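Features as listed in TrEMBL:
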DOMAIN    11-172  domain 'Metallo-beta-lactamase'
BINDING   His52, His54, His108, Asp134  Zn(2+) 1 binding site
BINDING   Asp56, His57, Asp134, His172  Zn(2+) 2 binding site
Amino acid sequence: MKLVALPAFTDNYIWMIHDGQQALVVDPGDATPVIAYLQSHGLALTAILVTHQHMDHVGGLPALQAHLNGPVHGPAECGAAIITHPVSEGDTLHWRGLNLRVWHTPGHTTNHLSYLTEAPLDALGPRRLLWCGDTLFSGGCGRVFDGTMAELHRSLQRLAGLPGDTLLCCTHEYTLANLAFAAAVEPENAALEAARQRAMALRAAGHPTLPAVLSEELHFNPFLRTDQPMVVQQARHRGAPDDAPLSVFTALRLWKNEFKA
Ligand SMILES: [Zn+2]
C-alpha cells in the first residue's frame, strides 16, 4: 500500500492510503487534491475517516460525495449530514485487509477521534500508522478549542504510549513553527536542533516533514516532555503553580498560544 500526504490550503495534509485500486482518505478539508489524485492514479475512493468537524478537515466532503463509494466514518456529533457511519472509542473498522482502531482523543475538541492501523507500506514494509488530526503535531500539539487542557494532556499521554515506531500522520505542516517554540522551551536540546535542521532541509526541498516518528518526538516535542527538568523549570517561569505534568502542560500550551518565533 502507498501512504500519501496530499497538500491542501497552505499547511494542511489530506492523508490517503491506497492499494493501487481503492483509496481511503482522512480529513478531506478540500476535495480538489483528492479528486485530482484519484483520477490521475485510476483509484476508487471507498472510505473516508474524519477526526473532528472543523472545516479544514471536513470542507471537502460535499464535493467528494459523487466520487465516494463507501462510508464516511467519524464522531456522531459531527451530524448525520456528513458522517454516514459514526464510530467511537474501541470500534475497529475494516478496509482492504486493514484493521483500523478508533480512539477517542479529546482536548482539541471534545469529540476528537484518532485512528490507528498497521499497514504493509510499499516503501517501508509493515508500519504502524496513527492519524491523529489536530491532537498531536510534530514538535507540538493542537490548541484547546471546545475540549479542556486536562483532556488534551491525557490524550497526548495516551498517544505517547504507543510503540515508538508509530508513524504520526498529523493534519498540519506546523513543524518548523512548533520547533521554534520547542527551542525556546529547551534551547540546549541537541535532538531538537537536529530535528530542526532536518525539517528545514525537507521544507526547503518542498517535502513534507511528516509523517513523524513517535520515538523521535519523545526526544524534542515539549508537550510530550512535561516531566523533563528543563521543561518543568520553564513552565514554572511561565506560571505553572507546581511541577505536576498537567500544570506544566497547561503553562506550555498557554505560552505557545502567544508565542511569536
Ligand atoms: Zn481542528
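Heads up, the Cβ atoms here are built off N, Cα and C, so glycines get one too.
Feature map: annotations from TrEMBL on the structure.
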| residue | record | Cβ contacts under 8 Å, 6 or more apart |
| --- | --- | --- |
| His52 | Zn(2+) 1 binding site | Gly74, Pro75, Cys78, His108, Thr109, Asn111, His112, Leu113, Gly133, Asp134 |
| His54 | Zn(2+) 1 binding site | Thr109, Asp134, Phe145 |
| Asp56 | Zn(2+) 2 binding site | Ala8, Phe9, Asn12, Gly29, Thr171 |
| His57 | Zn(2+) 2 binding site | Asp27, Pro28, Gly29, Val50, Thr51, Gly133, Asp134, Thr171 |
| His172 | Zn(2+) 2 binding site | Asp11, Asn12, Tyr13, Asp134, Phe137 |
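Residue density at His108 (Zn(2+) 1 binding site): 25 other Cβ atoms are found within 10 A of its Cβ, drawing on all protein chains shown. For Asp134 (Zn(2+) 1 binding site), the count of additional Cβ atoms within 10 Å of its Cβ stands at 25 [all protein chains shown].
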